[in-house]
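Features as listed in TrEMBL:
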| type | residues | note |
| --- | --- | --- |
| TRANSMEM | 37-55 | transmembrane segment |
| BINDING | G43, V46, N50, S289, N321, L386, D389, S390 | Na(+) binding site |
| TRANSMEM | 67-88 | transmembrane segment |
| TRANSMEM | 109-136 | transmembrane segment |
| DISULFID | C148-C157 | disulfide bond |
| TRANSMEM | 233-250 | transmembrane segment |
| TRANSMEM | 282-303 | transmembrane segment |
| TRANSMEM | 315-339 | transmembrane segment |
| TRANSMEM | 374-394 | transmembrane segment |
| TRANSMEM | 415-441 | transmembrane segment |
| TRANSMEM | 447-468 | transmembrane segment |
| TRANSMEM | 488-510 | transmembrane segment |
| TRANSMEM | 530-550 | transmembrane segment |
Amino acid sequence: LAQPVTPELLVSPSSQDGDLGSACPEDRGNWTGRLDFLLSCIGYCVGLGNVWRFPYRAYTNGGGAFLVPYFIMLAICGIPIFFMELSLGQFSSLGPLAVWKISPLFKGVGMGTILIVSLVAIYYNMIIAYVLFYLFASLTSDLPWQHCGNWWNTDLCLDHHVIKAGNTTFPVNITNTVSPSEEYWSRYVLHIQGSSGIGDPGRIRWNLCLCLLLSWTIVYLCILKGVKSSGKVVYFTATFPYLILVMLLIRGVTLEGAWKGIQFYLTPQFDHLLSSKVWIEAALQIFYSLGVGFGGLLTFASYNTFHQNIYRDTFIVTLGNAITSILAGFAIFSVLGYMSQELGVPVNQVAKAGPGLAFVVYPQAMTMLPLSPFWSFLFFFMLLTLGLDSQFAFMETIVTAVTDEFPYYLRPKKASFSAVICITLFLMGLILTTEGGMYWLVLLDDYSAGFGLMVVVITTCLVVTRVYGMKRFCRDIHMMLGFKPGPYFRACWMVLSPATMMALLVYNIVKYQPSEYGSYRFPAWAEVLGILMGVLSCLMIPAGMVVAVLREEGTLWERVQQASRPAMDWGPSLEENRTGLYV
């Protein structure tokens, strides 16, 4: 039998002729400061979703009562899976592909993760491009979405300043009208009237294309030197949004009518807790908000020193993330309350989620304030910093995953490899800058990280606890942190987390609804394309299994058994940390 080559790597690099030098973790780099890791995780988890998804989800699912399922789900499937991902990364010092040395049979899970992250990175940066567009548009004395009468406005456009001036003389019927900010977004920024649907993208909008190029350039410059550069940028991008959020919050709460919005946001409707939908929504919010399963946490933890206290960091990040979401809700809903009073309509008519909140409702509310360009600039600057550090994480995940697979060739050329990935994803994102680009963005948003992501997380959970073994995993954590995880973590990893995820997955499939954007329904082929995106990341898992089994020798069952055992060089990367079984 041919001798397997892997054990060579177990020899310490010093005893070799230096040819193994590039496989040495020193070369991989580490965080340079103590707070780099913590701030990177906070920046990654606290993203656009905290501002535009959470407040709306809370208000539609029982207001203050929503916090009950939210925190229960945080405890059941947020914190445990977060901790599991950090532990895997820190223990092995490997990216999301190479970490599957833990059980090579399941390497396809890593491939699925990379596919999902790449798709998300493409459209997430387009959202940052929209934010940049609005940021530049705010640098005027008069916001361009303040009034009707521009070339992009239609006859339906109704300016609220006009209503306020004329509300004594004639009653205005505002049911069939459109706000100037709505027309600015759809007819000027997106120019969506130039496209008849997803199959007819129309022309490229050059101003959006330049914004996309700019956002990719910013991201590239920040991840140029890997965690050494992005770890410094997050000192700004992870902390500054809090400053702006507090300013917006104070400004919001001091407006008249603010309490109306806050009342709407927080009035608990406990009857909602009896419906399964609310629990599922809470779990989904936790799942996407913490960014588990995207490989970002694993990647960041892999640059830690071996004994870093990730147990403490887990609680800081997960609870900080939850508190940020709740704070953002106050900032958003206080302004919506003021706006509903100004327009004389109930709050539920102005409340929206997603891009509609960030690019239509909130900008419209800004025009009602004195010093509107200043507040508008602040709001979009906050969105920019919130979005950027999440995007750093996605890019760092892709780059790390591939360079850890081919350390000899790619690690010395990490900067140029990062450039290649950024350029590729920029070119793939060009379709999002067309007149029908918004339809593609919605499709990517709905399907790229849907059920595929859940399958990835469920599989990871099951492989670590069942295939690798709970005892082994707890022993590894004991090696790193000096204590074993308590019964709470073990119960969640073994039963509660996978079961909750399974319920989410089943619910997602049973309650499947075709995508739509406003009144536009997507054609059948677009639906199929979307579902294929999700299925493709799941299919990576069986594909990876086939490859792993073919690499082994013996009967089929022997091959499967061999492929599911940890690789020879699995374990801590530095010789001094290889104690116990790993010596």
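Each Cβ is built from the backbone N, Cα and C atoms, and glycine gets one as well.
Small disclaimer: the values here were computed from a predicted structure and weren't measured.
The transmembrane segment (315-339) and the transmembrane segment (109-136) are not in contact, since fewer than 3 Cβ pairs between them lie under 8 Å (pairs 6 or more apart in sequence).
Note on G43 (Na(+) binding site): other Cβ atoms within 10 Å of its Cβ, all shown chains, come to 28. It is C148, among the recorded positions V46, C148, whose Cβ has the fewest other Cβ atoms within 10 Å in the structure shown. C157 (disulfide bond) sits 31 Å from N50 (Na(+) binding site), taking the Cα positions as reference. Taking the centroid of the Cβ atoms of G43, V46, N50, S289, N321, L386, D389, S390 as the Na(+) site, the other same-chain residues with Cβ within 8 Å of it are I42, Y44, C45, G47, L48, G49, A238, P241, T324. Taking every recorded stretch in 37-55, 67-88, 530-550 and counting its Cβ pairs under 8 Å to the transmembrane segment (488-510), the highest total belongs to 67-88. For the pair L386 (Na(+) binding site) and C148 (disulfide bond), the Cα-Cα distance reads 31 Å. Taking the C-alpha positions, the distance from N50 (Na(+) binding site) to C148 (disulfide bond) comes to 31 Å. Its Cβ taken as reference, N321 (Na(+) binding site) is surrounded by 25 other Cβ atoms within 10 Å in the chains shown. S390 (Na(+) binding site) counts 23 other C-beta atoms within 10 Å of its own C-beta, drawing on all protein chains shown.
Comparing local CB density within 10 A for the recorded positions C157, L386, the maximum falls on L386. Within the chain, the transmembrane segment (447-468) has long-range Cβ neighbours (under 8 A, six or more residues past its boundaries) at 81, 84-85, 88, 102-103, 105-106, 109, 112-113, 115-116, 119-120, 123, 287-288, 292-294, 493-494, 497-498, 501-502, 504-505, 508-509, 515, 530-531, 533-538, 541, 564, 566. A simple way to gauge crowding: the CB of D389 (Na(+) binding site) has 25 other CB atoms within 10 angstroms, across all the protein chains here.
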